[in-house]
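Chemist: So Swiss-Prot has the following annotated:
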BINDING   G11, R72, C73, G102, E103, G104, S105  ATP binding site
BINDING   R21, A22, V23, V24, R25, K155, G186, A187, E188, R212, K214, I215, N216  ADP binding site
BINDING   E103  Mg(2+) binding site
BINDING   T126, I127, D128, R163, M170, G171, R172, E223, R244, H250, V251, Q252, R253  substrate binding site
ACT_SITE  D128  active site, proton acceptor
Amino acid sequence: MKKIAVLTSGGDAPGMNAAVRAVVRYGVRHGLEVIGVRRGYSGLIDGDFVKLEYKDVAGITEKGGTILRTSRCEEFKTEEGRELAAKQIKKHGIEGLVVIGGEGSLTGAHLLYEEHKIPVVGIPATIDNDIGLTDMCIGVDTCLNTVMDAVQKLKDTASSHERAFIVEVMGRHSGYIALMAGLVTGAEAIIVPEIPVDYSQLADRILEERRRGKINSIIIVAEGAASAYTVARHLEYRIGYETRITILGHVQRGGSPTASDRRLALSMGVEAVDALLDGEVDVMIALQGNKLVRVPIMEALSTKKTIDKKLYEIAYMLS
């Protein structure tokens, strides 16, 4: 193997740049030519390629986002689109592809291998942390720290005004961010897609906390469970006073990655190149315990990842 490519796809996650840097520098150290694909699968179809040298990735580890840029490509979801991408790969003599992204991106990588035998290795990067068979995805730790910092600031003003704040965080199908953020900030309630919410019980809990002298309430809701406005309507009707809503939105995706995310991304980037050199393809690099392992992409994607129900109960007891 002499020439490989790397792309970032789907929603950006802090640490993607660190993974790109590792792929490029480790690849170059092993005598490989490394090609960067701009704009994810859209760039793969269009042939938007750039050769990346050692110096091109200097100083990017600490940067959020992705220097390669990213996109969500509808064309790549078609067989015709993937055929165009495969033709570009073969035309440019690329012998292996590292795909950094979430569920959709990894599915695309698998299809490239299944349909066109393009050697691919996936690196899980998504702040939702909803990919199976890996304990952690790139970007999760940074996102959690961003949410934690925001909630702590909201608690200051919530206490000053004796108010209840409803904080909506990302997580369409997974409540991981909401659960962990709620646990570490001592939120009074955590609403996640995996567990049905009883608004009457929630209101009773908030009112009971008020009777015990607590002057603020923080409710963290994952976007996939309910909108913050829906939660507010249900609660205000039952508790009899106004709430305040904060939707953190895309601020959760940005920012300089934490030390934990940088280390994970750099390690996964190195392991991805090793997997290609070893001829072990159609695999995803996963963190299990404290060890990086290679698992089949579709096995990871077909393994449903759920939140820790015991941790959810602990968060409730400690709030």
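Start at 1 and count along the chain as shown; that gives each residue its number.
Glycine is no exception: its Cβ is also placed from the backbone N, Cα and C atoms.
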Chemist: Taking the recorded ATP site as G11, R72, C73, G102, E103, G104, S105, identify the other residues of that chain whose CB atom sits within 8 Å of the mean position of the site's CB atoms, giving them in sequence order.
Modeler: S9, G10, G40, G101, G108
Chemist: Given the binding-site residues G102, E103, S105, E188, K214, find the one whose Cα is closest in space to the Cα of T126 (substrate binding site).
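Modeler: Ranked by Cα distance from T126 (substrate binding site), first place goes to G102.
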Chemist: Reduce the DSSP letter at V251 (substrate binding site) to three states and note it down.
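Modeler: Its secondary structure by DSSP: helix.
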Chemist: Counting other Cβ atoms within 10 Å, pick out the least crowded of the binding-site residues G11, G102, G104, G186.
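Modeler: Least crowded of the binding-site residues G11, G102, G104, G186, by Cβ count within 10 Å, is G186.
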Chemist: What is the total of other Cβ atoms whose distance to the Cβ of R244 (substrate binding site) is within 10 Å?
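Modeler: Within a 10 Å radius of the Cβ of R244 (substrate binding site) lie 15 other Cβ atoms.
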Chemist: Tell me which of the binding-site residues R25, G186, E188, R253 ends up closest to R72 (ATP binding site) in space, Cα to Cα.
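Modeler: Minimum Cα distance from R72 (ATP binding site) across R25, G186, E188, R253 lands on R253.
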Chemist: Using DSSP, would you call G186 (ADP binding site) helix, strand or coil?
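Modeler: Reduced to three states, the DSSP call for G186 (ADP binding site) is coil.
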Chemist: By a simple count, how many Cβ atoms lie within 10 Å of the Cβ of N216 (ADP binding site), its own Cβ left out?
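Modeler: Other Cβ atoms found within 10 Å: 19.
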Chemist: Could you check which of the binding-site residues G102, G104, R244 is the closest Cα neighbour of V23 (ADP binding site)?
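Modeler: Answer for the nearest of the binding-site residues: G102.
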Chemist: With Cβ-Cβ distance below 8 Å and at least 6 positions apart along the chain, what are the contacts of C73 (ATP binding site)? List them in sequence order.
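Modeler: Expected: S9, G40, Y41, S42, I45, G81.
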